[in-house]
């Protein structure tokens, strides 16, 4: 038996697309792919309990290294017995490296070969993050799957800048791999960057696949480029990645992007989208987005989605959920958060089923049509 | 078989006190008394699901007529099939009459024999509430137990004012009784007022017990007077009430007041206290209040209350709950709200057990000692 923390098994490839049915074995259980992973930024998936996440069949959740490092501190989490024990979640966890947050949230960055100097977005304190430091924090957190510390440059940055950045990200990846203390209990993924440039994606993938990573993430997408640009990059990037390792598209959570990503051979997805829009009263339904706060739902006693079998839809009406939002009651955002996560988790279950039956393109066509995506300028993305 | 909506059965009286073990049968089930009722002001017990309330053995919950009348509107609730169906709660519900909110929240009141003119605390709109109107709203809401529309004068108001107020409250009670449309499915309680004056409490009780109410509430307490003043009033008021009807002390929820009220023959209690302080990170524990946000709990990996068997205490640590509060995560207030309600519901279960065993005074002594109430100026009330 191999001693690797993470193992990927390819069960089958879909006949007409690049989609893969697979499973990933981790120290906290085996997950079925393609999969959507709910995000628990601060060691909690906003408003929901671990039991509710299990009830909706969340197989793995994500948490954020940068946020936990700042608060409550990775040393405190380690003292609690690790992130699983701290938040009472006994299924797999994935942590990012903090890289994305450093580049999206922090102020006054200074990047050099050693790492990044920046200011805390909580309190303005001077902070420094390097590949070694990020891996040290992730080792303290103890997630099943960890990410390398990378630079995530803007999609439309110059070729020259992105080339230099990719090369540094590769050097950082190697340093992280060397710093990793728990390879038997935590698997480390490399992150392929390269913006929209095939040549740079190729360079990044070649560098990283030459090292022994447990899986490969595709970073630098869903950062402002169009859906078709993203799909184009995925189209040429996933074939650069080894078949026997999982592939994770970071920060993507709209239903169409999940289906399009799976078609192009992506196994794992995460995004705050479903819980973020839920807090605003926006629900994903089989007929597109529904803003339950709208006045027209005041006396609508149907469930949020008549085709949905989630806790919220089985027990509560649009009128009641709308009332909770109008009255500023947190139970409202519990109900919409539950519904949206269930929707995406259930969507990926249908995607896996469609791969099994070699009918993923038919499934996509029917889903897009019903969701309202087959119009000229779809609003309900 | 009688056609009354509400029936009270006195099971036994405690040997050394006025405490009563009983049960109240309602159209939505039978509840064991003495009992604490969680408050769901706006058709939701803040942050908690109906299933969680059942899991902690909440037998009945309270909701507020004034708030539901304003939002979403009692006609909308009626259209939804009543409050039980609207909020998906199939156990008993009690609604107040709106009287207390009119006198505590609303601005620019004008009281006359007909009713009260006042301004909405939501939007400043002119509103009018009368005994008939309040009962009409409560009939639309459809709770098992309804309250009469009363005036709740300040405890330290003059004797003359309170006398006039009590007389009007009695006339309003009779008008409400006559306006009640659903006596077979909803039981109406009269509310005994009279401030701190025995003679006025006597007058109020005599007036109301001459009418056929399903039960009797004690109002005008827990409005600024001391605990000993409240206990003094209870001491002489409960004996004025019939033995074969339930007695409800309105708006009382601190552990000592629940025990002291039960000792004086009260059967039902409600208060927002447990959920309100929970949202501030304050927990009731067997050793008094614990403010889980405090820095000293940052690395405390014990449960909130080591003697507690609730969901929160079985699964999460002080350190984790503190982290959730520091990080503004709503799951934190779910956990403390759950804990505090469980604490009071479980306290009343112990009180019922102590009545059964004729050892309520011993129980009180031991509880007060451990909770920290037997010191000169107890802070942990």
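Every residue gets a Cβ built from N, Cα and C, even glycine.
As given in TrEMBL:
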{"type": "DOMAIN", "residues": "B:17-371", "note": "domain 'tRNA-guanine(15) transglycosylase-like'"}
{"type": "BINDING", "residues": "B:96, B:97, B:98, B:99, B:100, B:150, B:193, B:220", "note": "substrate binding site"}
{"type": "ACT_SITE", "residues": "B:96", "note": "active site, proton acceptor"}
{"type": "REGION", "residues": "B:251-257", "note": "region 'RNA binding'"}
{"type": "ACT_SITE", "residues": "B:270", "note": "active site, nucleophile"}
{"type": "REGION", "residues": "B:275-279", "note": "region 'RNA binding'"}
{"type": "BINDING", "residues": "B:308, B:310, B:313, B:339", "note": "Zn(2+) binding site"}
**OP:** Find, for the listed recorded positions B:96, B:150, B:270, the residue with the lowest Cβ contact count at a 10 Å cut-off, counting only other Cβ atoms.
**Re:** B:270
Subject >> Among the substrate-binding set B:96, B:97, B:98, B:99, B:100, B:150, B:193, B:220, as the record gives it, the longest Cα-Cα distance in Å >> reply: 15
Original post:
Where does residue B:308 (Zn(2+) binding site) sit by DSSP, helix, strand or coil?
Top reply: coil
Subject >> Nearest of the binding-site residues (B:310, B:313, B:339) to residue B:96 (substrate binding site), judged by Cα-Cα distance >> reply: B:339
Original post:
With a radius of 8 angstroms around the mean position of the C-beta atoms of B:308, B:310, B:313, B:339, what other residues of the same chain does the Zn(2+) site pick up?
Top reply: B:303, B:304, B:305, B:309, B:311, B:312, B:314, B:338, B:342, B:343
**OP:** For residue B:193 (substrate binding site), list the number of other Cβ atoms lying within 10 Å of its Cβ atom.
**Re:** 30
**OP:** Would you mind giving the whole-number mean pLDDT across the domain 'tRNA-guanine(15) transglycosylase-like' (B:17-371)?
**Re:** 97
Original post:
Other than B:96, B:97, B:98, B:99, B:100, B:150, B:193, B:220, which residues of the chain come within 8 Å of the substrate site, judged by Cβ distance to the Cβ centroid of those residues?
Top reply: B:102, B:103, B:147, B:148, B:149, B:151, B:152, B:191, B:219, B:250
Subject >> Conformational class of residue B:220 (substrate binding site) under the three-state DSSP mapping >> reply: coil
Original post:
So how many other Cβ atoms are close to residue B:99 (substrate binding site), meaning within 10 Å of its Cβ?
Top reply: 25
Original post:
If you count Cβ atoms within 10 Å of each one, which of the binding-site residues B:308, B:310, B:313 comes out on top?
Top reply: B:313
**OP:** Measure from the Cα of residue B:99 (substrate binding site) to the Cα of every one of the binding-site residues B:308, B:313, B:339, then give the nearest.
**Re:** B:339
**OP:** Work out the three-state DSSP category of residue B:98 (substrate binding site).
**Re:** coil
Original post:
Using DSSP and three states only, what is residue B:339 (Zn(2+) binding site)?
Top reply: helix
Original post:
What is the interatomic distance between the Cα atoms of residue B:220 (substrate binding site) and the residue listed as 'active site, nucleophile', given in whole Å?
Top reply: 14
Subject >> Pairwise Cα distance for residue B:193 (substrate binding site)/residue B:270 (active site, nucleophile) [Å, integer] >> reply: 17
Original post:
How does the region 'RNA binding' (B:251-257) divide up by DSSP, counting helix, then strand, then coil residues?
Top reply: 3 helix, 0 strand, 4 coil
